[in-house]
Each structure stands twice: as structure tokens, then as C-alpha cells.
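Straight from TrEMBL, the features:
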- 37-56: transmembrane segment (TRANSMEM)
- 125-142: transmembrane segment (TRANSMEM)
- 174-193: transmembrane segment (TRANSMEM)
- 205-226: transmembrane segment (TRANSMEM)
- 232-252: transmembrane segment (TRANSMEM)
- 264-284: transmembrane segment (TRANSMEM)
- 318-374: domain 'MIR' (DOMAIN)
- 384-440: domain 'MIR' (DOMAIN)
- 445-501: domain 'MIR' (DOMAIN)
- 573-595: transmembrane segment (TRANSMEM)
- 654-672: transmembrane segment (TRANSMEM)
- 678-698: transmembrane segment (TRANSMEM)
- 710-731: transmembrane segment (TRANSMEM)
Amino acid sequence: MAASVVKTAKCPRRGSAKDLVKNTASAGLKSSNEANWNWLLLLATVFLVTFATRFYKVTEPDHICWDETHFGKMGSWYINRTFFFDVHPPLGKMLIGLSGYLTGYNGTFPFEKPGDKYNETRYQGMRYFCTTLGALIMPMGFDTVYDLTRSHEAALLSAAYLVFDVGLLTLNQYILLDPILLFFMMASVWGMVKISKCTASGGSYGLRWWFWLFLTGTMLSCTISVKFVGLFVVLLVGLHTATELWLILGDLGQPILETVKQVACRAITLIIWPILLYTLFFYIHLTVLNRSGNGDGFYSSAFQSRLIGNSLYNASMPRDVAYGSVVTIKNHKTGGGYLHSHHHLYPKGAGARQQQITTYTHKDENNKWLIKPHNKQRLPKDKLQILRHGDIVRLEHVATRRNLHSHNEPAPVTKKHLQVTGYGELGVGDANDAWRVMIVGGKVNETVHTVTSRLKLIHLLQNCALTSSGKQLPKWGFEQQEVSCNLNVRDKNSQWNVEDNEHKLLPSVSFSVYAPGFFARFLESHAVMLQGNAGLKPKEGEITSRPWQWPINYRGQFFSGSSYRIYLLGNPLIWWSNLVFLAIFVVVFLCNAVVQQRRAGLAQSLARNRVQESEPSSTAEVCSCCPSEGEKILEEVADASGPPPPTPAMSLRAAAWLFVGWVLHYLPFWAMGRVLYFHHYFPALIFNSLLTGIMFNYLVRVLPKWIQHVILGVVLSVLVYSFAAFSPLAYGMSGPLANEPNSTMHSLKWLSTWEF
């Protein structure tokens, strides 16, 4: 019987492994070059269309629009180095001031109210600056989506959703903090994605990797330095970074030291560096604004002593307080006002119809009080008696000659407290004008000092503490803060300090030694800002909104209400389709999670039941060269052909992170008690628009390429048409309002709540 010989099959790849790699590399390089050219062409198109739409009519109208009255004025104060109070961190306003200064604006325009003409004022530079930052959001959004999905179609549609939204266009064209905030927020997300891309491609610790890390840290710091809502993007980048580090930790191909190095590098660039920058911005802010302004009164007496022109700057006044001193008394809590009175009486229904007592955050002649003995009208002119802990006094309001008074009547707003009034004639009142002066932590006969002594004023008969409740009085009280007498004498808001002190018989000393350093002012600035933010109230006649109204584009907001009308409203096709794709993502993501879980269970079941079978290697139609060279060849092919093609899972992961960004920038507003406006939704809108482009591409990916492009072309055409139809909202409307049949905008008033 002839011996059986198994002939080894000839390997189709024998002698051609290098050719295979070479051919694959050539094809991959060609495909990569083509993709790069397409990317550059589309990016250039996005740049061109964005800047064309943003800079068209950017200097119109030539009058103040909406909050330009605030942020233009604050830019002027930076140019003039005048201190002011605002609820937001300083970077955005500093940049507005710097852009105005560099383009020839001299900081003298008053920015009094919306509608005031700019006339010859060089306001254009500040608008150009804000518009430029707003215009850069779209190219960054395009590149971010492309890096996340490697899909030109998804990136282009996402950018189009941003470019052709008339609401985003309106918000970008004026002297506001919003375009600055949105630019830094988008740049933070862009940097976050670039870091992931560099890390995944093995570029850790390279120059490019470090560049993106420091850029992202810088953008995070800048975002939160414009508005505190920048914290939301800090949380997003933090969650993304933590997830990436967790995956690195789980890579058993890397030593544990690699995870430690990654954590250290990111802590330096994404935590320590942003904190240092944030602190630097405040240092510049407090150094530049060194002159007294209308915001002084929101800060402590010690803080004010650092402001040139303030009565406490390099002040020389009596150190001790005495009977006969004319003083101003400031509430010691953060942002506390001055004890104040004026000729107006409490109205009927607000307690006794006696003179109003309030706190007022600005310096004023009506803040001055004369300290008198409780049992004498005044001391002899040549007699000096120092005020001490436990003394009983009367406080006479200098301007109206009425005494600080309390009685058994409820306070006008805080009904559990007692009413405080101004009572008497020419300084003569009754027994309810007597107050005991108590130094917090003081000892018997301890002297009351200017600025540094923290005082309580306890009513002698009612045994209640003079306090600032923090509640705002109605219009009859000029919206100043309520002053009441709290039967709980431990009330933390019942502490006061003497700020200004005048007495002819007392020697003056310099108060410069009590001026606080930078970090003390840094901390106080944050306490005042946070308190002011929580207490924001709508201005008279101003339209506010609630978070449920924002995604559905329920109501817009007038930026200019004169004959040249500007109305902030989103492109309804973009906003409503955004909600549709948001819902589609949630459904698809949940379904995909169920499918993946079932597949994992199936794989485990098959593994348990699998029967190992082996076949003789001598009968296999495989050449002897393949087992030893195959893996190497496949690796070379993979390297030559570039990154793997985009997958549905990649798109879903990208959409999931954008969904998290939308949630972080939208849901927290539901818990906020402060006044809210429509424009607060625009950071969340950007994430939703980017998500829409990704989900659209995810849904049409199964179709032939030419059909995908046809559908994309139709969608882009609809977006352009809707933009053209609604663009007068951003570029300016004149003539009848849309609710009149002869208005050119009448057919576009789709909801009754739209007021254009």
C-alpha cells in the first residue's frame, strides 16, 4: 500500500507578506489623505459660513441691547480702575474691558439703559471680540464630533445645527458674557476629546499630549472664571478623566506605575494649574480695580480700606468710639449694608406708621448716626466719655433727628421679629429708644473700637437684638433690606461694626494696619458673589422663565425693543428636532444596553457547553509559514491602514458623553431658587446639537453612501431655509409686530407665547 502523502498547500501569501503590507499601507495612506482633505474642506466651509453669518450686521443696532448696559459698563469700570460688585467672577468682564481698551474705547460711555445710542462711542471692538469668540464655537464643535466619531457627515450636521440656530447667533453678537462662556466651555470639551485621542494612540507624555492637557486645564479655569456655571463643564471633564483613568488601570498590559503617572499628570494640569490660574485672575481683578466705586458697600469695612478714594483708604480717624461720635454702622455679615434711615414712613399694614429703618449697601449721608447717653440729650462739649461694653445708648439719625426705636409690633416682612423705626422729634423720644451695646466676646469696661469691634445692639425693654434679616422690602421701602429686632439675641445677622467715626476730641490713628491681604479679599469676594447670586431678583418689567420652558423654545426674550427689534429665540426646527434626537438616543442606548447584556449571557452559556475538538494539523490546507508569520503580518497591516473604521458603538459612546454634558448643564437649574432666564439653556443646547449630528449619522449608517448624502443634503437645505426665514429675529425687525396680519413675520409666529 503506497504511503499516504499529504501535500502542503501553497500559501497565497507566501513571498508576498511585504507586498501585502505595502499595498495595504498604500491604500490606507490614500484613504487617510482623502479623509484629511475632506476634513479640511468641510472645516473651511464651517469657518466661512460661521464668520459670514456672525459678522453680518454685527454693529447693528447702534444702541445698547439688553445686558450690554451691565457688561459694557463693567468693561468701562475696568478701564477706569473703578471697583464694583457683580455676582459673576471677573474674567469675562476683564476681557471685555481689555478688548475695548485695545480698540480705542476710553471707558467714558455711561451705558445707562437699553436703547441709548452709542453715537461716536467706539463700542465696535467689544462687539467684534465677543462675536469672534462666539464664532469659534462652531469649528471646535465640528472637530470635536469628528474626533469622537470619525464621521464627516456627523461633524458637518452638528456644526450646521450650531451655525444655523438664530438664537445662538443673537447671543453671540453683543457685549455679553455668554459668547465668552460658551467659547471656553466648548474649548474645554474639545481639549478633553483631544487628550483621549492622544492617549488612545499611544501619545502619552509627548509634547502634543502635554499641550492638550494644559490647554484643557486653562480652558476649564477660564470657563469657571467667567461664570460659576462653568463648574458644570469642570464636572463633565472630571467624570470623563476619571473614566479614562479607570480603563487605564484595568489594562493588564500596563504596569500599575503607568496609572500613577497618568493620575499625577492630570492632577497637575487639570486641577492644580486651573486653580492657580483662577487665583491669578482674581489677583489681577483686585489689583486693577483699586479705586472706590459704587460696589464698596457690599464688602466689609476692612476690604474697603484697600480702595483709593474710599473714606477708609489710608484713613485717619479715632480708634476709640465715644459718646458724641458721628458714626456709620455696618452689618457684619457678608454683603451686609449700612444702618440707614430716610424721611419716608412705613405704610399702613406694615406696623406703626413711623420712620423707616433699613440697611443700604451704598455710602450715603443717611447712614450717619449720633451716639448719645440714654438719659441725657448730649454731653458737655468739652467732656469726653468713651463707649464701653455694656453701655446703654440712644442712636440719633443725623439727617432726620429721630432715634433708633423698637416696640412690640411685628416687623413688616419677618413677622416673628419686632419692628424697628425712627421715632421722636429733634432727638427726643421715649424709653423704647434705649439700646445696650455689647461687644461680641467682650469683657466689662472693654472699649468699643472702630472697624474691629463686632457689636450687638440689644433693645433694653424688648430684650431683642437689632438685626438685618436679609429680606428685601417692597417698593415702598425702595427695595432696601429690612432691619428688625430679633428676640433670639444669638442671631448671626445681628452683629455690626462701626465703620466711619468722627469726634473732635478724639485723636486720629491710621487704619492702614487693618487692611486685609489678597487671600482674605479673595475669600470675601467669593462669599459676597455667592450670596448675591442666590439673592438675584428680576428687574421691573423683565420676563423670566423656568427650565421646563427652555428646550421647547416656549418663549424668547427681547434684546432690543425699539423700532429696530431684536428677539432672542431659537430656530424652532433645530430646537424641536434636538428633542426628538435626544429621545431617540435614550431609547437606542437603553435597547443597546439590553442587547449587550443578553449577548454577554449567551457567550457565557456557550462557553460552559463548548466541547473542545481538534483536527490533525497534517490535513489542514495551511502552509507552514502562516502560524509563525501570520500574527506579525496582521499587526503590520493594521498599523499601515491607520485607525480602525468608525463603529456604531463608538458613536453611541460619543453620544452618551454629550448626553451627560446636556444633563449637567440643564438639570441643575431645576434646583436653583434664583431668578432664571432663557439664555441659561444655551450651554446645554450646544451639547444637544452635537448629539443630534451623531445620532442622525448613527441612524442612516446602514443606508448606501449616496442615499446618506442625499438625506444629509435635504436636512442641510431645510436648516438653511429655516435660518433665512427666522434670521430677522437676530439681524433686526421693523414694522408691525408678528401678531398683526400685515407683518412680514406673521406666518412665523407659530406659538402664541412668541412676542416678536
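Yeah, the Cβs are placed from backbone N, Cα and C, and that goes for glycine too.
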CB contact flag for the transmembrane segment (264-284) and the transmembrane segment (174-193), at least three pairs under 8 A:
no
Which one of these stretches, 37-56, 174-193, 232-252, 678-698, has the most C-beta pairs shorter than 8 Å to the transmembrane segment (205-226)?
174-193
The domain 'MIR' (384-440): DSSP-derived helix, strand, coil residue counts:
3 helix, 29 strand, 25 coil
The domain 'MIR' (384-440): mean pLDDT?
91
Do at least three C-beta pairs under 8 angstroms join the transmembrane segment (573-595) to the transmembrane segment (710-731), pairs 6 or more apart in sequence?
yes
Chain residues outside the transmembrane segment (174-193) and at least six past its termini with a C-beta under 8 angstroms from it:
65-68, 71-72, 75, 88, 91-93, 95-96, 123, 126-127, 130-131, 133-134, 136-137, 140-141, 143-144, 147-148, 212-213, 215-216, 219-220, 222-223, 226-227, 229-230, 233-234, 236-237, 240-241, 559, 661, 679, 682-683, 686
By DSSP assignment, list the helix, strand and coil residue numbers for the domain 'MIR' (318-374), in that order.
3 helix, 29 strand, 25 coil
